[in-house]
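Noted in Swiss-Prot for the protein shown:
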- 1-10: compositional bias 'Basic and acidic residues' (COMPBIAS)
- 1-24: region 'Disordered' (REGION)
- 11-22: compositional bias 'Low complexity' (COMPBIAS)
- 41-61: transmembrane segment (TRANSMEM)
- 81-101: transmembrane segment (TRANSMEM)
- 107-127: transmembrane segment (TRANSMEM)
- 138-158: transmembrane segment (TRANSMEM)
- 170-190: transmembrane segment (TRANSMEM)
- 197-217: transmembrane segment (TRANSMEM)
- 264-284: transmembrane segment (TRANSMEM)
- 308-328: transmembrane segment (TRANSMEM)
- 351-371: transmembrane segment (TRANSMEM)
- 378-398: transmembrane segment (TRANSMEM)
- 415-435: transmembrane segment (TRANSMEM)
- 443-463: transmembrane segment (TRANSMEM)
Amino acid sequence: MAEEVNERTRLLSQSDDPSPSLEELEEWEEPRNWKVSYRWLCIAVISVYGLISPVIAAIIVPAMPQIATDLNVTDPGMLQAFVSVYVLGWSFAPLVVGPLSEVYGRISLLNTGHGLFLVFNALCAFARSDYELLILRFITGAVGSAPLSIGAGIIGDLWAPEERGLSISLYTLGPLLGPAIAPITGAYIVSHTSWRAIFAWCSLYILITWVVGLCTLRETFRPVLIQRKQAAAVRKGQLPGSVQHHHKSLADVFRQDLRRPFTFLGTQPIIQVLSLFMGYLFGLNHLSITTFESVWTDIYNQTPSRAALNYISIAGGFILGSQITGSLNDRIYIYYTSKDPAKGTPELRTILMLPAALLVPTGLLIYGWSAQTHSHWIMPNIGIGIYALGLIMSYQCIQAYVLDCYAVYAASAMGALTILRSLLGFVLPILAPLIYRTLGYGWGSSLLALWALVMGGLVPILLWRYGAVLRKRSGILEEM
């Protein structure tokens, strides 16, 4: 009996009909039915994976003077590029890794990427010229981006929609918290050793987490688990030898899977809107991180090591916002669905984006104008903390919305978001010196706050009003 191969599972050839028990997972095999403690262990490991890549993006900021001296770098733009080109690397790998994880599985690609991440980050410590370091930083960013695209898919594999809030809060905390704590760590290392030691210590961290991941993580993607179950049954003779799980040719992978993020970005208005908004937030975060130290060294005349301690305010805002959003997101979802399960739509994730739309610009205004007027040092810290709280609220709501909409293809959807997210994360920090030099911290932050208010207000309103209609008209979502 011929059956059409399901695009999401790609399990069998079209001419075979295996035992029904092998077409599905047993209850105990379902990732969402695994022990809660183990599922949280998986989330913790991928969150730790996701933390180190953003840390390495910003940890060299306090080491810029040493790098400039050691590698004879005289162009400030080149120093800024050491950070920006790393972020640019994030925009490429997820376009490949995300779709491939939906063909070959999440964990194998995640661990392979982390191993390559270890190798190229270690090589950065041996760079002898600015261009060597620039190229190695780009490659390191690319291979280190796997957790940023695959992690959301793993959360969707392990948790039901009403349970995802806290896991998303933990997972998204790392990529945003990393750049905030990185300068503190980098300043400490540089003050005691050299900039090359930064890469050595980070490589040690990557090695330890990689070993932990290899020992603890197992595949979570349901279609791949079914494929492996059927392949094992064939090897054991429990299925006829003619029954083989479907293997895609390399041409099929390129034609169907690797183009999926571009298809999402080109045909899905939801992805287009959210990628612009998320890209702006991501770029804004890296702009703030890379210029934050100069506020304290240039305006408040603090030493680099003392200036780095002010990043605690950013970290505090991220941690507080993460915990608030994770808990409230689940409570809001459960509240609406307990009355009517049909109300359990992705649009519930946009509710918390509205208060976040006020927090981000408010924090930026307090931060920028207090720095401009040389107010007490606590005021810029309060402002940047409020901004960080609102930013992570928006960030987590976007992740949750996309995950609810594109559960099966979550990794590809995140890959589509990554394109503009990383490009703006690359461009905005480069423009930061021009913005603040031309407008000052007050008006420069006001300009950034205005865009944050407009986008932060419009996006949740548009999705709440038209999100269901757009999802209904989406041909991709109809196939899922």
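Just so you know, glycine gets a Cβ as well, placed from its N, Cα and C.
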Check the transmembrane segment (107-127) against each of 138-158, 170-190, 264-284, 351-371 and return whichever range has the most CB pairs under 8 Å.
-> 138-158
When you scan the chain for residues with a C-beta under 8 Å from the transmembrane segment (351-371), skipping those not six or more beyond its ends, what do you find?
-> 281, 284, 295, 299, 317, 325, 328-329, 332, 379-380, 382-391, 393-394, 397-398, 441-446, 448-450, 452-453, 456-457, 459-461, 464
Most CB pairs under 8 Å with the transmembrane segment (264-284): which of 41-61, 138-158, 197-217, 308-328, 443-463?
-> 443-463
What else in the chain is close to the transmembrane segment (170-190), if you only count residues 6 or more beyond its ends and a Cβ gap under 8 Å?
-> 43-44, 46-63, 66, 148, 151-152, 155, 197-198, 201, 285-286, 289, 292-293, 304-305, 307-309, 311-312, 314-315, 318-319, 322, 326, 388, 391-392, 395-396, 399
Does the transmembrane segment (81-101) reach the transmembrane segment (443-463) with at least 3 CB pairs under 8 A, where each pair is 6 or more residues apart?
-> no
Is the transmembrane segment (197-217) packed against any residues at least 6 beyond its ends, judged by a Cβ distance under 8 Å, and which are they?
-> 41-42, 45-46, 48-49, 52, 55-56, 59-60, 63, 107, 110-111, 114-115, 117-118, 121-122, 124-125, 186, 189-190
